[in-house]
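Q: A single structure is presented below for examination.
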Amino acid sequence: MFTTQNSHRLPSELEVMPFILRLMEFIGLWGPPGQIVRFLAAFGWGTMIILFPKAVLGIGSDRFDAIAKGIAEFIFEGSLFVATAIFASKRIAFERLIDGLKEIFQRATNGPHSNDCYDLLLRQNLPINKFVKGYTIYCCFGPFVFCVPSLAASHFRYWTHSGNQSEPLIFELPMEQEFYGLQIRTNFLHYHIFVLLSLFAYFVCAYFLLVKVSVHFIMIQYSSSTYRLVALRIRKMTESKEVTQSELVDIVELHRLAYRCSTLVEQICHLPLALEFLTCILFWCLTMFYVSNNIDFNLVNVMVLFWLSLLETFGYSYLGSKLTEQADEVGAAIYDLPWFEHSVELQRYYRLMLQRVQRPTGITGAKFFVVQLATFGSVVQMSYSYYLVLKEALTMI
């Protein structure tokens, strides 16, 4: 359990993800529990506009490349909505994590070597804030970027189409799907109704993506930083002439809190990350197949989703490896101590930390695999292999 220290308040520049918490409060994932209805409303809107029509009404095309694109889009959006729902169900664990991070930052900046700890956290928070705000701007413009190419192509076809042409006028859709009986591919009015409703649904998806990616990235990064604080305190302790029991007890407690935070991060992240890594294999495979057979306006939409998925998966892998390295760094810092010169009482505290660092620390995907850079490489290779198999199989048909 974590206990918030009210005697010392964190300065604003060291607050734990304040911007993201405000974004989460707007949609009902933070703040008063009754505001969860906002999230449910947004979740329902996106489901009824995107997921339900694709799953029940179908893609609306008999071309395999269009079917592949529609399935890939459904995989991307479906995994996003499911992962966001899983995160919403972990609210209690997330609140405990925020409290734990605040307590660690308060202890680190209010104890020995507080200036060094302050500088470490400040150097961490500045790039985090820049990333979150930049990613927010990207997500704000993303839905427009997703809709404009197909909308522009459809208007160009409509205004340049001659009525006596033998080929029917077909509009470009932002996503391949049917939509509740409307003739969205051939009827000008139906097409614009669909695009307008879809645009609001794409904003919901962008908001979910912003919260999902930012929160998971920052949680893992903060967890790494807690171990960096512990290692920093240990190394600073070795520079002092005398190791006191009170300082060592404080470091042991800081290490315990850091380990508890990493456990909560694993509890919150392991299912969404498993879903992300498993679905991205099929998503990348189908996307590569579509890109290899089509160079048109829809390529922009496909590549927007592809690069989002690629960067998200790489980010998880990089941060997962970094978390493991920082946790191991605590053990290295302890082994570098002249512990054999200290009293038996102090050695007992060293033994407590050594026992803790021997436990594997990192992020897993549903406890089946460790999320690290090597995992990302394996996923890329597997996706490309499946793409080659799919391409060869369709060539033989």
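Cβ from N, Cα, C; glycine included.
Unlike curated entries, TrEMBL annotations are predicted automatically.
As annotated by TrEMBL, transmembrane segment applies to 39-60, 66-88, 135-156, 189-210, 297-319, 368-389.
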Q: Does the transmembrane segment (135-156) make contact with the transmembrane segment (297-319) through 3 or more Cβ pairs under 8 Å, each pair 6 or more apart in sequence?
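A: As far as Cβ distances go (cut-off 8 Å, pairs 6 or more apart), the transmembrane segment (135-156) and the transmembrane segment (297-319) touch.
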Q: Same chain, outside the transmembrane segment (189-210) by at least 6, Cβ under 8 Å from its Cβ: which residues?
A: 23, 27, 42-43, 45-46, 49-50, 77, 80-81, 84, 135-136, 139-140, 142-144, 146-147, 150-151, 154, 171, 173-175, 179, 182-183, 308
Q: With Cβ-Cβ distances below 8 Å as the criterion, list the same-chain residues six or more beyond the ends of the transmembrane segment (297-319) that contact it, or say none.
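A: Residues 69, 72-73, 76, 142, 145-146, 149-150, 152-153, 172, 174-175, 209, 213, 216-217, 220-221, 224, 273, 276-277, 280, 283-284, 287, 290-291, 363, 371-373, 375-376, 379.
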